[in-house]
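J.: Just lifted these from Swiss-Prot, have a look:
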- 118-286: domain 'Helicase ATP-binding' (DOMAIN)
- Leu131, Pro132, Thr133, Gly134, Leu135, Gly136, Lys137, Thr138: ATP binding site (BINDING)
- 234-237: motif 'DEAH box' (MOTIF)
- 450-619: domain 'Helicase C-terminal' (DOMAIN)
Amino acid sequence: MIVLRDSSDYSDSEVDLPSIEVNGERGNVPTSVLCNVEGSLLNSNPALRQPNLKCIKHNQDVENTTFQLDLRGCRVPSSQPQVITELENNIDIPKNIDAMQNWIFPQTQQYRNYQKEFCEQALFHNLLLALPTGLGKTFIAAVVMLNYFRWFPESKIIFLAPTKPLLLQQRVACSNVAGMSPGATAELNGEVSPDRRLFEYNTKRVFFMTPQTLQNDLKEHLLDAKSIICLIFDEAHRATGNHSYAQVMRAVLRSNSHFRVLGLTATPGSSTASVQKVVDCLHISKLIVRNEESIDIRSYVFHKKIQLIKVTISSEMNILKSDFANLYRPYFNFLRQKKLIPINCECLNIKAYTLFVSLRKYSFSSKNVQSKEKSKIMSCFTLLISCAHITYLLDCHGIIQFYQKLVETKNKAEGKGSGQSFWLFTSKPFAFYLEHLHNKIQGLSLNHPKMNHLLELLKEHFKDTSEGYQNQRVMIFTEFRNTAEYITTTLLAIRPMVRASLFIGQANSAYSTGMNQMQQKETIDQFRAGVINTLVATSIGEEGLDIGDTDMIICYDASSSPIRTIQRMGRTGRKKSGKVFVLLTEDCEDSKWERSQVSYRRVQKVIESGKKIALKKDVPRLIPSNIQPIFKFQALQNNADATLILNSYNNNSSSLSPVNTLANQAHSRSKRYLPFIVDDVFEDMESNLRVPTEDAKIKRFKSDYRSCIYNARRNVFSKPTYMGDKLTKFAKVPHSLLTLSIYRRGRLLQQCSPSSVTKYLKYEEKFKRKRMKKTSNALFQST
């Protein structure tokens, strides 16, 4: 009996196949499903029926040679790059049978029944758990890690977080719950050398990693995917498309189907389709979604008072908005005459989303049409979408943001040099309008009406005694960085009552510099300690980081994404009642807010009903079917400490014990900032003075060539020149002798396996771009 699994949907179907004879012994067809089978098992010569028991490592080199068996035993191409290993009953994973008799739930000061139930579900299913912020998602993950650590003594457990600042935070939290010592876990990211990561893989079993690091280590075979028994995804709603979460999951599934998955998130998605994508990507078999109104968690959630404050823009802003609309009105009327814009769309209150939908409809209807008019229409749509976004900044953020975006768009249009945007933003009327705006704002109050309400809310909140407002903390969320900087600067006028600080990401913008991780951590520590009582944050403060409980949340703008909205409001109401104020511009943001709330309620209703979400049915049971673990309430010794973990990480990254290689020493040195030509000369001399080994050649080819486009336009070398016996004295050859040796080596490997030849020829293109030089003397000496 063989169980066949189709790689597209993993559906199980059983079919009786005759016994076959291999080397004088009769037996059933092996249980490996996706194999590299030479011919049909039913029709081929019995002497050739020996199956390949080793599952194929599915990568680009062998993708076209991966097959699966159909119901008649004939090989057919695999529809998806997924490899399924042995059956559940024959899986050979070292287990601790005695430990599997029970599962441990740590004894804490406050026992919550819903955590116990969710832990039990996560132990035996691939679970996607959606809980509001602050209700113990990390605690549940730590319990799952603890029990799989006990049950499978040789397998590895990996906790994935999307950003590096989250790794230390989650490592400390999980270690505190599970009672793990700092030496039992490891924090791995791109800053840790590959040799160090390999050493950690060989000595430890619990890892806190970024998905990019795990993806690279699986690709480079530093970590065997079959050794993974449990994968935990923090902020699991990101696991869609080509995100690193999705790529990690696909890489593990190629060679391992027996591992447990736990996805943690506050909101699984903004629509039913997005939730289904997460379920498909993480191979989820169980979905648990709770909100603050759910019966089983309602008693643990504090009340949040949500108040909407609607504001109207000033008369000066209305005049600026009308004058700007007159500039792009001809392009709007052009599309209106073509009947490409809805009738109810107004030029003054144009919306980018409406234009984007109209653009998509036109693109599909004129897919095969090529004309100058189509190019003009597409360019007009692009221009109007930009103008709609600029108008939105004026309505919802203020004149400064409006002016900065106009200048930025003008500079981009000038650099482009063509299109409708170029003609509008380089025209004389626009130049006059921009100059008029620059002169006019000098005498106006630049504050958006939202700013006045913001100042009133903060003064009202911090009006108590000095002791009172020292213990009060407020977070202000905004979508754009320049708005956050403007708010922080404005709040300086009411110090020391309001001690505000900026909290943004690491990337640099056109007008500001980002905050590195050390600055971010220092800001959070000061906010927790009370040195800072108001934090002005962009999207970086919405998810992930443990900033702590806040007393009041102010949303300076509205987000159409329910995920971002729920995460913003989840920063308050954890330990006591909280307040949430949302500032909305009438006829602009109020509709966006309403759409996000309706979308969130609709998705929650669909998920809770269990309809329209297709869960996976083929998730294997990892523990033997005759074992039913019993719940055990046990107090664990807390061996973790944030300081010890941080010190151990720093010490481990500096001293590399048995793997302190020359490559690591070179990695720890400071970089040389020399011109690339100087580095090329050093490479040439080194390559001529030594004969590299095969491993050194491959390592050399993978090294970082900073001059990737140097000499790209010169003539490439001619291969027949290498094989000829006659070489002129001044013949041009590649600067490095490695090119010649590798090419000749490839000629000698024609009788070897294709993968061996590909390994060398794979990097041939990297040498075509290297400059050509006269090295005939060195060539004659080497030959």
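Including glycine, each Cβ sits where the backbone N, Cα and C put it.
Remember, it's a predicted structure, so these values are computed and weren't measured experimentally.
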J.: Reported in the order helix, strand, coil, what are the DSSP residue counts of the motif 'DEAH box' (234-237)?
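T.: DSSP composition of the motif 'DEAH box' (234-237): 2 helix, 1 strand, 1 coil.
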J.: Across all protein chains in the structure, which of the binding-site residues Leu131, Leu135 has the highest Cβ count within 10 Å?
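T.: The residue with the most neighbouring Cβ atoms within 10 Å is Leu131.
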J.: I want the residues beyond Leu131, Pro132, Thr133, Gly134, Leu135, Gly136, Lys137, Thr138 whose C-beta is within 8 angstroms of the mean position of the ATP site's C-beta atoms, in chain order.
T.: Ala266
J.: Need the DSSP three-state call for Thr138 (ATP binding site) to compare against my parser.
T.: helix
J.: Looking at the domain 'Helicase ATP-binding' (118-286) alone, can you tell me the average pLDDT?
T.: 90
J.: Under a criterion of Cβ-Cβ distance under 8 Å and sequence separation of at least 6, what residues of the same chain contact Thr133 (ATP binding site)?
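T.: In sequence order, the residues whose Cβ lies under 8 Å from that of Thr133 (ATP binding site) (at least 6 apart) are Ala266, Gln567, Gly570, Arg571, Arg574.
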J.: What is the number of other Cβ atoms found within 10 Å of the Cβ of Pro132 (ATP binding site)?
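T.: I count 22 other Cβ atoms within 10 Å of it.
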J.: So for Gly134 (ATP binding site), how many other CB atoms are inside 10 Å of its CB?
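T.: Gly134 (ATP binding site): 19 neighbouring Cβ atoms within 10 Å.
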J.: Measure the Cβ-based neighbour count of Gly136 (ATP binding site), defined as the other Cβ atoms within 10 Å of its Cβ.
T.: 20
J.: Count the other Cβ atoms sitting within 10 Å of the Cβ of Thr138 (ATP binding site), across every protein chain shown.
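T.: Excluding its own Cβ, the number within 10 Å is 19.
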J.: Let me know the DSSP-derived helix, strand or coil state of Leu131 (ATP binding site), please.
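T.: Leu131 (ATP binding site) sits in coil per DSSP, no helix or strand.
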